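Feature list (source: TrEMBL):
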TRANSMEM  A:12-36  transmembrane segment
TRANSMEM  A:48-74  transmembrane segment
TRANSMEM  A:94-115  transmembrane segment
TRANSMEM  A:122-153  transmembrane segment
TRANSMEM  A:179-209  transmembrane segment
TRANSMEM  A:221-242  transmembrane segment
TRANSMEM  A:248-265  transmembrane segment
Amino acid sequence: MTPFLDILHYDFVIRGFEAGIVVAIIAPIIGIFLVLRRYALIADTLAHVSLAGLALGSLLGVNPVAMALVVTILSSLGIERLRTTRRVYGDSALALFLSGSLALAVVLLGIAHGFDINLLNYLFGSIITVTATDVIAIVLLGVIVIAILALFYKELVYVTFDEEAARVSGIPTKSINTLLMFMSALTVSLAIPIVGVLLIAALIVVPVITALQFRMSFTKTIICAEAVSIISVLAGIIASFYLNLATGGTIVLVMIGVFLLVLMWKSR
Amino acid sequence: MNTGGNIIELHDIAFSYGEREVLGGISLDVPYGDYLGVVGPNGAGKTTLLKIILGLLKPSRGSVMLFGTDIKNLKSRSRIGYVPQKATNFDADFPATVYEVVLMGRYASRGLFHRIVESDRQFVKRALEDVDMWGFHDRLIGDLSGGQQQRVFIARALATQPDVMFLDEPTIGIDRRAREDFYDLLKKLNDGSGIALVLISHDIKMVTKHAKHIACINRDLTCHLSTEDFVKADKTQDLFSDDLDVFTRDHHHHHDTIS
């Protein structure tokens with residue numbers, strides 16, 4: 001029996017593959033808009049916010065990932081609001097939410113002490129703990145994210161390239177920006193079980209910056225980022241299984257390895 | 001297309017940034033098919049006025065009518081072509097081909113929830129042919145020279161099939177030769193296709209060479225004349241005094257900085 005078939009004998013691995021592929025498909029599409037708008041840090045900020053949501057969920061006895069989803073979406077709208085009203089600088093708004101939510105998470109986790117909360121799983125991901133229900137939720141939400149992105153694809157592209165001209169042409173840029181934040185929050189929450197809170201930003205950003213090195217058209221850049229993302233997630237899961245490594249970390253290291261190879265190849 | 005009447009009617013437009021009044025009550029009519037050069041010193045409020053006409057800023061007073069409709073209620077925004085100040089609005093590393101950039105011009109005409117179809121691709125091709133850039137459609141926008149990029153942005157505006165096109169300092173950072181070709185192209189669009197042009201520029205020599213009318217903005221509308229009368233009245237001196245010289249020299253500095 002070949003090693004690859006061997007790995008598929010474990011249900012948790014199959015669930016990991018299923019959830020992993022969905023996240024691998026969504027992350028770069030969100031990523032290309034965030035990276036090109038210089039919003040890459042939003043992914044990291046929302047990830048930290050989701051940790052506060054996880055902690056709150058554990059404390060209240062609600063499904064932690066569902067609570068993370070709600071808290072992350074609300075915060076994403078708050079960040080966008082703070083950014084557009086210009087009460088504080090954009091990057092400072094992110095710093096505020098990033099450290100603020102981490103502070104909240106630490107305090108909540110302290111109160112929740114004694115509850116059965118596996119902090120390490122949330123921080124760094126653990127596909128072993130992905131349940132069949134999780135997979136269904138991830139696939140469902142994943143399909144929704146992809147459908148919405150497809151529906152507003154051309155508006156997102158135009159707003160990303162030239163927000164002012166997009167506004168002149170009648171595109172509701174404010175709504176499109178809010179939609180992008182909303183989708184980012186959804187994606188971050190979906191990715192928690194796979195790579196964990198601290199590594200999500202890599203999933204969203206690294207395949208995109210890898211693809212950007214090739215200097216191609218927008219469409220080809222997305223396809224390339226998708227390929228890097230899916231291959232890295234699959235390779236990361238397989239490698240972590242056989243070498244007994246942490247899955248989230250392995251996936252991100254594979255991605256960064258691919259990025260470095262491309263970078264060296266392209267700058268020669 | 002309606003050839004009588006006015007394509008733009010501004011009535012008593014005023015605007016302030018906080019306490020500072022930038023525009024003091026400007027009324028101005030632009031007929032269909034006009035070629036209006038908007039001139040004035042730096043900080044005179046030209047770009048602010050443009051943003052108000054385009055609906056990007058709300059005036060503190062006054063009204064803007066485009067195609068006979070108040071801008072607030074205007075639905076057919078695809079009749080407006082807009083060529084922004086290239087240098088400030090554009091990321092040279094953005095992964096988009098010339099074709100993809102011009103296709104964005106069709107997005108507005110299509111509207112939300114509508115897919116791009118074959119006829120959109122025809123419009124894109126025709127727009128790129130009109131500006132002599134079809135041969136570059138596969139190239140990345142960031143790999144072109146400043147003059148070529150500006151032609152692509154014209155094509156993007158043309159792809160919406162506009163009745164009026166607004167251009168904000170379109171030739172900044174473009175070398176002299178490309179600048180002259182650029183004005184020839186504008187003339188072709190105005191004469192040949194009947195598109196009304198509103199051109200904000202410091203390049204007063206070029207503007208007086210091509211535009212049909214000149215509007216001088218310096219917080220207020222200080223003159224609105226046919227180009228002939230403008231040149232005869234020698235308004236240039238009032239408007240710019242030493243400022244003009246400084247700016248002309250500045251253009252030369254930009255000459256070879258475009259990759």
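For all residues, glycine too, the Cβ spot is worked out from N, Cα and C.
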If we skip the immediate neighbours and take only residues 6+ beyond the ends of the transmembrane segment (A:48-74), which ones have a Cβ under 8 Å from one of its Cβ atoms? 97-99, 101-102, 104-105, 108-109, 111-112, 115, 117, 122-123, 134, 137, 182, 185-186, 188-189, 192-193, 197, 200
Given A:94-115, A:122-153, A:179-209, the one sharing the most C-beta pairs under 8 Å with the transmembrane segment (A:221-242) is A:179-209
Take the transmembrane segment (A:179-209) and find every residue of the same chain, 6 or more past its ends, with a Cβ under 8 Å from one of its Cβ atoms. 16, 19-20, 22-24, 26-28, 30-35, 40-44, 46-48, 50-51, 53-54, 65, 68-69, 72-73, 75-77, 79-80, 121-127, 129-130, 134, 138, 141-142, 144-145, 148-149, 152, 156, 221, 225-226, 228-229, 232-233, 247-249, 251-252, 255-256, 259
Close approaches to the transmembrane segment (A:122-153) from elsewhere in its chain (Cβ under 8 angstroms; 6 or more beyond its ends): 12-13, 15-16, 18-20, 22-23, 25-26, 29-30, 51, 54, 64-65, 176, 179, 183, 186-187, 190, 192-199, 237, 246-249
